[in-house]
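The structure under discussion appears below in the form of structure tokens.
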Amino acid sequence: MITRVRSELTRYLRTETVGGAILLVAAAIALLWVNSPWGDSYLRMTETVLAIEPLHLELTLADWTKDGLLAVFFFVAGLELKRELVVGELADPKRAALPIIAAVGGVVTPALIAAVIGHGAPGMDKGWAIPVATDIAFALGVLALTGSRIPATARVFLLSLAVVDDLLAIILIAVLFTVGVSLLWLLAAAACMAGWWLAQRRRLRTPLVYVPLALVTWYALHEAGVHPTLAGVALGLLTRVRPDPDEEWAPAARLEHLIQPVSAGICVPLFALFAAGVPLNATVFGELFTDRLALAVMLGLLLGKTIGIFGISWVAIRFGLATRPSGLGYRDMFALSVLGAIGFTVSLLVAELALPDGDTVELAKAAVLITSLAASLAGSALLLRRGRVHQARQDALELQPDEGDASDPSEGGSLR
């Protein structure tokens, strides 16, 4: 009975709609809790220190979720990236061109907009990086919920885009927030990564090898002064993707199947619970539209991501640098670009890393939350509308199969 319940639960957690919904519920609980009469208890909880004395680790619960649990999320992201690079959409240079170009546009444009608008504001020396990332789980969850009538190539494009986007964000985290690196600990982390790679080559399958290697890699990077979530990405990229003839599943697919429900159902929601608790009042809402940092984050996400992803994609297609995904019109791609403005998880992480002042962090988080909500609502509305268009076209084809394909204007080269 317990096994069956656990099996059903993990099956549900693997669906993008459920994962996105749990993430949203966790963020809503945090917001309601911190803005309730019991808000002080929320703050006390997040600031509670949990120490592992022999290892000299003293982190608050909020830091454990940020540095520890998100490493699991980034491990899954690393597995997804490796799969896409080796056997997925990014393995074919022709198909990979568009999501890669779109991801670059979706990182550079928000950063430029944020840097210009927030120039001179406290924290903007690194705060320009806050709006550069797309939340994979949230964006795919919204697409699964509202874009069921959109061609399947939409999910492939958005997933590939978000994976490359997250890779670029991870590189920024490594470059911007690595200070005072300890070479000895960095070498220790590299040795553990080499051990993981060697175990993969030797076809070792026991968790008694991989779990200690993962934990020591995380600890070594933490002690080295490198953000420890990068351990997850590195180990994910070092995991074998192609199965042997005697294997039903490759190690990467097996690990993703096992760990993705834990990431979606526990790790990311707990991070959201501890990170999304932002006091919202009239003062905060007023500052959102007057403070340069808040405006930089909001416009960087909502305008920068949308313009960057869609604009650079349109240019690449028009000039023959990439091809448009089969079945998708420019209006479909615009709707997907709006979903790219859902920053959430990684944007909240970067806000905590980039901004030293508590009040500034809370304001930036509020900007991320408000903008991510706006992007999800706007993207949902656009996807629902596009879904009706695709459904109407399909119905027309079924009723009049001999009259040809009544094409949608957005499917051609026009933006109409």
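Positions of Cβ are set from backbone N, Cα and C atoms, glycine also.
Residues or ranges marked as region 'Disordered' in Swiss-Prot: 396-416. For 18-38, 59-79, 97-117, 127-147, 167-187, 265-285, 297-317, 333-353, 363-383, the entry in Swiss-Prot reads transmembrane segment.
Counting Cβ pairs under 8 Å to the transmembrane segment (297-317), the top-ranked stretch among 97-117, 167-187, 333-353, 363-383 is 97-117. Counting C-beta pairs under 8 angstroms (sequence separation of 6 or more), the transmembrane segment (59-79) reaches the transmembrane segment (265-285) with 3 or more such pairs. Long-range contacts of the transmembrane segment (18-38) within its own chain (CB-CB distance under 8 A, at least 6 residues past either end) are made by residues 12, 137-138, 140-142, 144-145, 264-265, 268-270, 272-281, 344-345, 369.
Tertiary neighbourhood of the transmembrane segment (97-117): same-chain residues 89-90, 124, 127-134, 157, 160-162, 164-165, 168-169, 172, 292, 295-297, 299-301, 303-305, 307-313, 316-317, 321-325, 337, 340, selected by CB-CB distance under 8 Å and a gap of 6+ residues from either end.
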